[in-house]
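Here's a structure for you.
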Amino acid sequence: MHATLRDFRFHTARAWRAAMTRDGIDVLPALPLTPRLAQRLAWITPDGLPPGQRRQAEFQAGRKLAAQLLAALGAPATQVGVAADRSPLWPDGYVGSISHSRRLVGVAVARRRDVRAVGIDIEAIAEEPAVEAIESVCMRPEEREFDAGALTRAEFATLLFSAKEAFYKCMQPLTRVAFDFPDVTLTRIDPAAQRLELRLLRAATAEFGPGHLFQCGYRSAQGHVYTALEIGH
């Protein structure tokens, strides 16, 4: 029997917190965001689906979580549309961000009056053969020389890639600028606080110009890196 989207099994992070996950996997961490944002992480297990249906299942999972969070915030409309660039199109008065890997989906939503913009990203820590490709895509020369401390090469490359993805998801809707990986550079990592700092290297708007610093929180668990960046008022 062929698998269909009905075979897609979806478990919210809340349900996983009620009991240990299968195979001894720990419960999911919270995204590094302020309480001004509603957030949720979930496992997605679209078992047996071909790639096209798997991607659709991941898409539906993100939209389902987003609708739940919007409803919890009292939004009169809970449907998240699709913009011309394929990014989420949030209801008027709300901002948010959606990210997923093959196994996880995460959503963060806030009222626009509380938060101007947010970007989150979830990435499975890269396997060694892919690390060099990630470095060539997302790292500036000075970042290749950065002291990553106890992080492995794969962890550092994945973290930096994820942080820059979160930056893009946060800043592109706010500025309407199509940022690229070399447009920001890593200046600092604080492993104790699980935060890193990115410096903007190009002019975006009158408010966000070269030298502007952005603080990005991160977590690492279950073989994944989670990053989040928000802009307040």
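Including glycine, each Cβ sits where the backbone N, Cα and C put it.
Note that the structure is predicted; figures quoted are calculated from it, not measured.
Sharing the record's features from TrEMBL:
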type    : residues                                            : note
BINDING : ARG55, ARG63, SER99, HIS100, ASP121, GLU165, LYS169 : CoA binding site
BINDING : ASP121, ILE122, GLU123                              : Mg(2+) binding site
DOMAIN  : 53-110                                              : domain '4'-phosphopantetheinyl transferase N-terminal'
DOMAIN  : 117-198                                             : domain '4'-phosphopantetheinyl transferase'
If we count other C-beta atoms within 10 Å, could you say which of the binding-site residues ARG55, ARG63, HIS100, LYS169 has the fewest?
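Fewest other Cβ atoms within 10 Å, among the binding-site residues ARG55, ARG63, HIS100, LYS169, is found for ARG55.
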Does GLU165 (CoA binding site) have same-chain partners at least 6 apart in sequence with Cβ under 8 Å from its own Cβ, and which are they?
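Non-local contacts for GLU165 (CoA binding site): SER99, GLY119, ASP121, GLU123, THR227.
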Tally the residues of the domain '4'-phosphopantetheinyl transferase' (117-198) by DSSP class, grouping H, G and I as helix, E and B as strand, and everything else as coil.
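Per DSSP, the residues of the domain '4'-phosphopantetheinyl transferase' (117-198) fall into 41 helix, 19 strand, 22 coil.
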Which site among ASP121, GLU123 has the most other CB atoms no more than 10 Å from its CB, taking these as binding-site residues?
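For the binding-site residues ASP121, GLU123, the Cβ with the most other Cβ atoms within 10 Å is ASP121.
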Over the span of the domain '4'-phosphopantetheinyl transferase N-terminal' (53-110), count residues by DSSP class, listing helix, strand and coil in order.
20 helix, 18 strand, 20 coil
Taking the mean position of the Cβ atoms of ASP121, ILE122, GLU123 as the Mg(2+) site, which residues outside that list, in the same chain, have a Cβ no more than 8 Å away, listed in sequence order?
SER99, SER101, GLY106, ILE120, SER162, GLU165, ALA166, HIS224, VAL225, TYR226, THR227
To the nearest Å, how far is the Cα of HIS100 (CoA binding site) from the Cα of ILE122 (Mg(2+) binding site)?
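Here the two Cα atoms are 6 Å apart.
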Calculate the distance in Å between the alpha carbons (Cα) of ARG55 (CoA binding site) and ILE122 (Mg(2+) binding site), and round it to a whole number.
15
Pop the Cα-Cα gap between ILE122 (Mg(2+) binding site) and ARG63 (CoA binding site) into the table, whole Å please.
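On Cα coordinates alone, these residues lie 16 Å apart.
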Tell me which residues of the chain lie with their Cβ under 8 angstroms from that of ILE122 (Mg(2+) binding site), as long as they are six or more apart in sequence?
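Listed in sequence order, they are LEU41, SER99, HIS100, SER101, LEU104, VAL105, GLY106, SER162, HIS224, VAL225, TYR226.
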